[in-house]
Amino acid sequence: MAEITNIRPSFDVSPVAAGLIGASVLVVCVSVTVFVWTCCHQQAEKKHKTPPYKFIHMLKGISIYPETLSNKKKIIKVRRDKDGSHRESGRGNLLVNAESGLLSHDRDPRGPSPASCIDQLPIKRDYGEELRSPMTSLTPGESKPTSPSSPEEDVMLGSLTFSVDYNFPKKALVVTIQEAHGLPVMDGQTQGSDPYIKMTILPDKRHRVKTRVLRKTLDPVFDETFTFYGIPYSQLQDLVLHFLVLSFDRFSRDDVIGEVMVPLAGVDPSTGKVQLTRDIIKRNIQKCISRGELQVSLSYQPVAQRMTVVVLKARHLPKMDITGLSGNPYVKVNVYYGRKRIAKKKTHVKKCTLNPIFNESFIYDIPTDLLPDISIEFLVIDFDRTTKNEVVGRLILGAHSVTTSGAEHWREVCESPRKPVAKWHSLSEY
């Protein structure tokens, strides 16, 4: 019988190598498929994508850029035809200036029109405030309207109960803030208040404490004890306890309800704890005849049409509250065209000084023909982290300057181009 032989083809490639080749081919196919799908998807998006200029057009009149991007502010006119209508089918070319955050219009190559009015200037929505003139201030017979959060003088502000004791072994003054009664309503929505108390020992002002906030009550019971070490008993007669009663506000600065001043000259805690109750009175803001002085420097570049304003320093600023604490001043610079504010900037806060040195400069692009209608207002403000900031005084240079020195300073700046002109000015009441 013949022998049967099975003949099988032989492969030079091993099974492992064949598997690797197949995997590589699969990866390449998947990659090509993903790439083709991505390209097609991007093409479809481009066809349905809204041009970016339409988005900016939707936001016209709204500042979409932060003010801190640059210190430059541009003041540019709107181009109009003789008949008063805008060019290009009755509309001006609105542009958004990304550097300064101001709306502007294309410049006319022939130069700005001599006839200008306030509504022709690009004004940010938050720059729509008008310049307050000292000539239009309230007369002594008139009274400012009071807000719901600020109590009037004839409104009872309640009373505060506390106790004073002295720990002789530890040489420590012990003050317990117990409770308050009959506080006024500071929140019109909830018809209540969120009171707390800040206490300072005068005149050294080194010891400052505050209680916790009690929610929605006009008769808070604090019952908190504070111990002040290192105060000799012999010095108690020279100290004054200052209690500042406030109402917490989650969304803005806290409201000041009133204050209590207690000289320890008539208090003798040597025999034990002395409990006292005092009426809360309206906070006494010192009214000073002198508001201090401010030194500023101005320089105008007619070729670049650029005004450089430098806030140099201030001196002899008044203390703004009865506690006599050193102020935390800063300067707010407002630029007005006519009565409309078109730019605003402010310096950094200088802590615990009444003679601050700022040395901060701001640059504004102002066409030469607009200078007669430009005013620059400097507001010196006392910063308070807890309560509302107090305006120490103000200075106006330019078209609405009410002082001889201010008008003279502005005239020198306009008549001496490219030359910085620095002067001291007395601050007036705001």
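Keep in mind that glycine also has a Cβ here, set from the backbone N, Cα and C atoms.
Marked as Ca(2+) binding site by Swiss-Prot: Asp249, Ser252, Asp255. Look at Swiss-Prot and you will find 140-150 tagged as compositional bias 'Low complexity'. Marked as domain 'C2 1' by Swiss-Prot: 156-278. Annotated domain 'C2 2' per Swiss-Prot: 290-425, in sequence order. Residues annotated as phosphoserine in Swiss-Prot, with similarity to another entry given as evidence: Ser133. Under the heading region 'Disordered', Swiss-Prot lists 132-154. Annotation source Swiss-Prot lists topological domain 'Vesicular' at 1-15. Annotation source Swiss-Prot lists topological domain 'Cytoplasmic' at 37-430. Here Swiss-Prot flags 16-36 as transmembrane segment, drawing on sequence analysis.
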Return the single residue from the binding-site residues list (Asp249, Asp255) that has the minimum number of other CB atoms within 10 Å.
Asp249
Does anything in the same chain, at least 6 positions from Ser252 (Ca(2+) binding site), have a Cβ under 8 Å from its Cβ, and if so what?
none
Would you identify the secondary structure of Asp255 (Ca(2+) binding site) according to DSSP, in three states?
strand
Per-state residue totals over the domain 'C2 1' (156-278) - DSSP helix, strand, coil:
12 helix, 63 strand, 48 coil
